[in-house]
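What TrEMBL records for 20-90, 268-310, 396-464 is domain 'PAS'. Residues or ranges marked as domain 'PAC' in TrEMBL: 217-267, 470-522. Per TrEMBL, the feature domain 'Histidine kinase' maps to 540-758. For 780-899, the entry in TrEMBL reads domain 'Response regulatory'. Residues or ranges marked as 4-aspartylphosphate in TrEMBL: Asp829.
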Amino acid sequence: MSSPVGHKAQDAGLNLTQQSEAFSHAVIEGLSGIFYLFDGQARLIRWNKNFATVTGYDDTTLQGKQALDFIAPCDQALVSSRIQQVFSEGHATIEAALRAHNGQETPYFLSGSLVMIDEQPYLSGTGIDISARKRVEETLQAEQQLTQASLDALPDTYFLFHPETGKALRWNRAFREISGFSDRQIGALPAPSSYYSQSDLSIMATALEQLRKTGTAKLEINLICHNGQTIPFEYAISSLAHQGQNLIISIGRDISERRLAENQLRESEQKFLRLFKEVSIPLVLVNKQGMVTHINDRFTTLLGYSMADIPDLDSWWQRAYPDPRYRAWVKETWTLAVQKAMADGQDIAPLEYQVTCKNGEQREIQISGVTFGEDTLATLIDVTERSRAAKTLQQERDFADSLIHTAQTIILVLDTQGRIMRINPYMEELSGYTLAEVQGKDWWNTFLPQQDHATLRALFAKAVGHIHNQGHVNPILTKDGRLLEIEWYNKTLIDSHDEVMGLLSIGYDITHKRALEAENREALARAESANQAKSEFLAIMSHEIRTPLNVLLGMGDLLHESLLTEEQTGQLELLIKAGKHLVVLIDDILDLSKIEFGGLTLTREPLQPHRLFLLICDIVRLQAQEKGLTFNCDIPTELPPWVLGDEGRLRQIMINLLHNAIKFTQQGHVTLKIAYQPAGSLFSITISDSGIGIAAKHLNHIFDKFSQADSSISRRYGGTGLGLAIARNLVTLMGGHLTVESCVNQGSHFQLTLELPPTQPPIRPSTVALTDLATLKPLNILLAEDSLDNQTLFLTYLKPTPWQVEIAMDGQQAVERVKQGGLDLVLMDLQMPIMDGYRATQAIRHWEQTSGTTPLPILALSAHALRAEQQKSLEAGCNAHLVKPIKKKALIEAIHQNMARTTAKVSHETP
């Protein structure tokens with residue numbers, strides 16, 4: 001609504017002509033809403049017929065009635081404050097419920113403005129029934145914002161400044177936009193001298209003097225904008241005492257159009273013009289000649305048209321309805337409506353048209369009006385958003401209905417008592433019930449087994465009590481008695497007043513899924529059992545093969561130390577070589593098996609890449625030279641000193657590839673080239689040879705297990721075809737790539753790409769190197785071993801040392817011997833009768849703990865090479881795990897190092 005600025009009431013009631021009074025009366029009575037006029041004590045002194053109809057009072061009762069008598073009790077306090085705001089600030093709007101004589105309450109948008117009549121303040125206002133809008137708001141909240149915006153008052157300028165310093169303290173957007181000055185400029189410029197001419201400042205000085213005497217003042221002066229344009233403004237100024245300072249409040253309004261209206265209608269029509277322009281809805285006045293005599297600002301704001309754009313009805317028809325056929329229909333319907341209203345003496349019934357705005361936008365406008373004489377006053381209400389909202393709401397409802405009808409999930413709606421409000425066709429098909437059969441019936445007694453009632457009633461109570469529900473599973477009974485497993489997800493339904501309406505449940509039939517899950521669990525259990533059996537088989541086979549190999553290779557090493565003839569030495573080396581080949585074969589099979597059932601784990605420990613690559617070159621170079629091949633090793637010096645990776649597996653991969661290159665190359669060269677990219681820490685390892693190469697048709701299978709280029713390869717060069725399969729799988733586990741390029745008789749190029757991030761060097765414990773058996777200190781060692789062959793081997797290993805060895809045939813004998821004391825270390829075989837090495841070690845550790853005896857070093861001797869078996873022995877209490885076949889040097893060094901650690905630990909703990 002507009003502010004009260006400019007409402008001059010000088011002798012208004014005395015000087016109005018009879019025609020002007022009739023004209024004003026017709027405008028008031030022609031409004032589609034209510035009109036009211038209250039005096040300074042908020043007593044009703046004037047109203048229109050709509051006001052009397054809405055409130056239900058007769059004219060006698062209405063006269064002098066207090067404003068709050070027409071307001072619902074819940075809104076009276078707020079309305080009272082708005083009445084005070086009108087008399088203090090000049091203007092206010094509010095949405096409140098009007099209370100009729102019969103107690104009925106109706107929501108209205110009320111607008112009030114201060115008018116001065118005979119120098120007395122009055123509250124003049126209008127109201128529009130917003131019941132329909134409120135109903136729309138309950139379904140679409142956005143309508144409320146739009147309706148509120150459409151009823152907002154027209155903006156006036158607000159300016160607060162210090163009269164002595166001229167500093168601007170506060171201003172509104174209207175002042176900034178109209179003046180063209182920025183906030184920063186307004187805050188810096190002295191007021192009011194920066195905005196008005198010298199002559200206008202004299203007028204303002206007079207007004208300020210009046211302000212000091214009376215407390216209020218009004219004046220009309222021209223605002224000088226930032227671009228030099230001058231705009232006539234009407235100001236109401238008042239003083240404000242704030243924190244000990246007297247400040248000036250200036251409320252201004254552009255009166256350019258009002259001055260033009262004053263020139264056209266003369267002084268006698270001022271009251272009508274104020275009412276016409278300040279009403280909060282768009283208005284247009286057309287005379288009997290079809291000339292547009294007046295439009296208000298709200299009309300221009302809504303449609304963009306000014307008086308110059310539409311001087312007459314013909315101009316309006318042409319611009320608002322550019323389509324000829326539609327324009328003809330609008331003219332016909334509107335003309336008939338006006339004629340009927342004139343004939344019946346009634347208002348023009350509302351009609352909705354699609355109006356084209358000045359900017360080309362089309363809006364849905366509801367046009368109604370009133371006729372007086374042969375003139376017509378039309379009122380316009382923008383219903384575009386309401387219409388769009390209704391269409392959108394209907395589209396959303398149609399879309400929701402479509403989803404409900406086509407969804408292949410259960411959709412169930414219950415009220416707050418658990419009664420069925422709706423089920424979708426999928427639920428009907430699944431359950432065998434139709435909506436008509438179950439609507440309004442109790443959910444539990446219709447669909448749920450009796451034993452589930454208590455639990456599900458509790459879940460329902462939580463859901464409708466705003467307690468978040470993550471979902472649950474429960475069975476339902478179909479019409480034919482079948483039980484279906486349903487997974488439910490619930491959502492509490494809340495209305496616009498935050499009241500619980502019921503519960504929306506989305507259900508998924510998981511009956512088949514549950515059956516599949518049960519089958520999958522059984523299949524998984526079978527697979528796990530098979531994997532366990534496979535693991536046990538591999539462990540047993542490893543043990544059974546490695547045990548005799550331990551004796552075979554151990555005795556071979558011992559014989560190698562003896563004085564043999566050249567022929568005997570060659571025969572012995574063949575024997576050892578065959579044994580080592582069996583060890584490699586066993587390790588390959590174990591590695592492949594562990595990879596296949598996910599039992600292989602990699603370590604990430606600091607390693608020195610340059611040292612590792614040089615060591616591999618030294619290992620391979622001798623083999624290449626024995627075949628008369630040239631071995632080239634290209635290792636850059638700009639490698640990080642330490643990186644993270646699995647050194648053992650990386651060495652295994654590279655040696656396997658290099659051995660293959662040497663094996664399949666009869667003449668020429670084998671080359672190892674290392675490249676490093678710091679960005680990404682990528683190592684590129686290329687192994688090239690000039691060997692027999694690989695045919696293109698075999699390249700896709702070269703990394704398959706037990707696969708070689710063709711069967712003749714295996715016959716000519718030997719091998720199981722496991723090496724490349726293991727290498728490819730290990731590289732994949734490391735997150736790298738292994739590729740090959742090859743041509744027959746031209747050689748092969750294997751490229752390994754790995755990310756090995758730089759790291760810090762590890763802190764390694766100091767170890768004691770074994771240099772001379774003569775320096776070893778005497779020890780008493782218990783060998784727990786049931787195999788006579790292994791006993792003989794290990795006794796032979798330790799014979800040159802000053803160590804005394806006793807024998808225990810099983811774990812139980814070992815435990816009893818340890819309890820007798822006098823031992824320094826135990827060599828514990830893990831596979832023994834009566835009591836195996838695991839249980840024997842645990843029993844020894846338990847006895848040591850309960851008796852307070854210093855723990856003995858226990859070294860596990862096992863043919864189990866799987867990492868899980870090694871971990872198992874360490875968890876049982878062993879200090880180290882030695883895998884058969886065990887070298888003599890490895891056994892002696894393990895005993896020596898573990899004794900050194902034990903001695904150091906005891907020395908450290910002894911006070």
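Note: Cβ is positioned from N, Cα and C throughout, glycine not excepted.
Automatic prediction, not curation, is the source of TrEMBL annotations.
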Quiz item: Which whole number is the mean pLDDT over the domain 'PAS' (396-464)?
Solution: 83
Quiz item: Can you count the other CB atoms that lie within 10 A of the CB of Asp829 (4-aspartylphosphate)?
Solution: 26
Practice problem: Return the stretch with the most CB pairs under 8 A relative to the domain 'PAC' (217-267), choosing among 20-90, 396-464, 470-522. | Solution: 20-90
Quiz prompt | the domain 'Response regulatory' (780-899), counted residue by residue under DSSP: helix, strand, coil | solution = 58 helix, 25 strand, 37 coil
